[in-house]
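Below: one structure, written as structure tokens.
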Amino acid sequence: MDNKLTPARRKQVIRDNVAGWLFTLPSTLVLFVFTFLPAFIVVGLSLFDTNLVGQSIFVGPGNFRQMLTSGDFWGSVLRTLYFTVGSVPIAVAVSLLIAVLLNAKVRGRTFWRMGFFIPYITPLVATSIIWLYIFNPDYGMLNATLHFVGLPVSRWLTDTASAMPAMILYSTWHDIGFAVIIFMAALSKVPTELLEAAQIDGASGWRTFWHVTWPMISPSTYFVVIIYTISAFKMFTQVAVLTQGGPVDSTTTTGYYLYQQAFGQMHFGYASAVSIGLFAIIFLLTMLQRKVTGRKVFYG
């Protein structure tokens, strides 16, 4: 059989290909201008000692060497890791519990679902300002509630011991709406036949959840953990609004440390190296999570 295209067919294939590229051209340009081009610029800046105003001096890997030997950088990484380990498991567990409760036949389920999701789609700056007043040690709602029920109050954002836990509390409240929606969608797809079979075999509610429901929603759980981990390591807005990295750098995460170096110290070359380092850390953590937990995910 002759597989050669006729001239007319060849022209049609070319026209189809050109039309396809033209349709994808706008989104490709946006992706290039706002994602790939800035990434290339950052890589280039990381090789220079520059403030973007005066003379730029080529330092090669000098910025990366400075980053790897900087106690401030590694301190910010440890604080970011502390925030991630503290916030991600709590957010996943709380959102899963809420999703399980809302998945039952409860009245006003749509209302509650939207109530949990609205904080997530509200701009971080707006919700951070609200929580700035909630955390106020003198007239904030949180301390007023604790005092009313007879519990000790705290300085929250102005105390080095409570500042990061306060950030974890706020971030959990803000982020659970996303995972609640994901988990509710996953729970709705669990085959009822499997749940009924487990009940017939005499399995308790907890055993049914652990051996049937949990494996069936493990892909969604894995997805949520990955997204939350990446989001936690990129955290910046909450810190900028609530604490500005204080008190005594106790909430200076890597994202905020990067901001300080770039726009506070005007060390754009070094800040570019830090951003590449942050990307590398997130990438390695994602690969580690995929290696450790990815094979335990049940895809049916």
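Glycine residues also receive a Cβ, built from the backbone N, Cα and C atoms like all the rest.
Unlike curated records, TrEMBL annotations are generated automatically.
Taken verbatim from TrEMBL:
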| type | residues | note |
| --- | --- | --- |
| DOMAIN | 77-289 | domain 'ABC transmembrane type-1' |
| TRANSMEM | 21-48 | transmembrane segment |
| TRANSMEM | 81-102 | transmembrane segment |
| TRANSMEM | 114-134 | transmembrane segment |
| TRANSMEM | 167-187 | transmembrane segment |
| TRANSMEM | 208-230 | transmembrane segment |
| TRANSMEM | 268-288 | transmembrane segment |
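Highest Cβ pair count under 8 Å relative to the transmembrane segment (167-187), across stretches 21-48, 81-102, 114-134: 81-102. Segment contact is absent for the transmembrane segment (268-288) and the transmembrane segment (81-102), given fewer than three CB pairs below 8 angstroms at sequence separation of 6 or more. With a threshold of 8 Å between CB atoms, the same-chain residues lying at least 6 positions outside the transmembrane segment (81-102) that come near it are 109, 112-113, 116, 164-165, 167-168, 171-172, 175-180, 183-184, 187, 209, 221, 224-225, 228-229, 232-233, 235, 253. Below 8 angstroms of C-beta separation, residues 56-61, 63-64, 268-269, 272-273, 275-276 of the same chain, each at least six residues beyond the ends of the transmembrane segment (21-48), sit close to that stretch.
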